[in-house]
Amino acid sequence: MAKRDGFTSSFGVLAATLGSAVGLGNIWKFPYMIGANGGAGFLLIYLLATLLVGLPVMIAEITIGRQAKTNPITALQQMAPRGLPWWIIGVMGVIAAFLIMAFYSEVVAWVFAYVPKAITGEILSSDPKVTGSAFSALISDPVPSLVWQWGVLLFIGSILLMGVSKGIEAVTKRLMPLLFILLIVLCAFSLSLEKAGEALQFLFRPDFSKINGAVLLAAMGLAFFKLSVGMATMMTYGSYFRDDQNVPVVVIHERFAVSRKKATLVTLLLVALLGSTCALTNSLMADFKLFGMNMFDLFDYLSSNILMPLGGILIALFVGWRWGYPALQQALSNHQQLHNQHLSRILFVLLRFVTPLLILTVMLHGLNVL
């Protein structure tokens, strides 16, 4: 097989990784969760949870990928060759990635559909009834729902076909700075609105009376899911070590020795088939339920409550108990070029004992066991 494409700059790595970790939820979900759950108190708990839950798994995934230089399934087969089925972690990650792409492509389709509406002023209103009716009209019509979703997939596919350096890196190096510029503009506009001061107090004034067990679990869950860990994405990043590659495309491309073009087309077709069921959940398939959920909610539930947390637990256990400290420290120190033994020990202890238990707690809470 031809030499793997890779990133050409450190900024490309940063932009691609941020592109995976920073999503729409940071805009519409994170702020209200902070305000409703204790303001600055919740934020402090979230940051601590990120250090104990999210970052250890993220570093572990990237390190495994960097060591193996291949797709997640093959990587874990190579690093655990004693017949133990650790490669199942990679399989679960690929399945989770497919499910997330299926329903999230519809979310991105809503964003694409809103662009012309915003330009024409159709949704230029602070009245929630106006914006709500516009959204209801969009999701209840099967034709625009499917057309915009397929448009999103074609846009993504065109980037993937160009590879890592000319596709993903080139695009994210331009779009991520644009995203932060738009966020600054959005913040400035928000601060110019009436009662902006009250909004800031709602967001950041600490209210520790709201901190309880449910809030702690919410902070841990948010810290885990916001970093895109538990679905082998970061492992794929690490395999290029300047990477951000579509996980299913990588697996099909390398595992089955097919060209990038064929792998991308197969992936997009599968996602389009799955995604169509999500796009139609509020129209033609509104009455179709599995386990009491429509397809959009079912894919979200399976990926967020089962596959991702279970993948995170197994990654932590693999590094903490199977791979071991010497191999982890060797990898983190760039083969003893960096002197970071203390950080390596802390990370190893977290992965071996603390992080798996915390993720398991979040998982059981999501499954309504706790």
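Placement of Cβ uses the backbone N, Cα and C atoms for every residue, glycine included.
As given in TrEMBL:
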TRANSMEM  39-64  transmembrane segment
TRANSMEM  84-104  transmembrane segment
TRANSMEM  146-163  transmembrane segment
TRANSMEM  175-193  transmembrane segment
TRANSMEM  213-232  transmembrane segment
TRANSMEM  265-286  transmembrane segment
TRANSMEM  306-325  transmembrane segment
TRANSMEM  346-367  transmembrane segment
Beyond the flanks of the transmembrane segment (175-193) by 6 or more, those residues with Cβ under 8 Å of it: 15, 18-19, 22, 27, 199
Best-contacting stretch, by C-beta pairs under 8 Å, relative to the transmembrane segment (213-232) and drawn from 84-104, 265-286, 306-325, 346-367: 306-325
Beyond the flanks of the transmembrane segment (346-367) by 6 or more, those residues with Cβ under 8 Å of it: 49, 52-53, 56-57, 59-60, 217, 220-221, 224, 230, 304-306, 309-310, 312-313, 316-317, 319-321, 325, 328-329, 332
Folded-back contacts onto the transmembrane segment (84-104), same chain, C-beta under 8 angstroms, at least six residues removed: 71-77, 230-233, 235, 246-248, 251, 270-271, 274-275, 277-278, 295-296, 299-300, 302-303, 307-308, 310-311, 314-315, 318, 322
Stretch among 39-64, 146-163, 265-286 sharing the most Cβ pairs under 8 Å with the transmembrane segment (306-325): 39-64
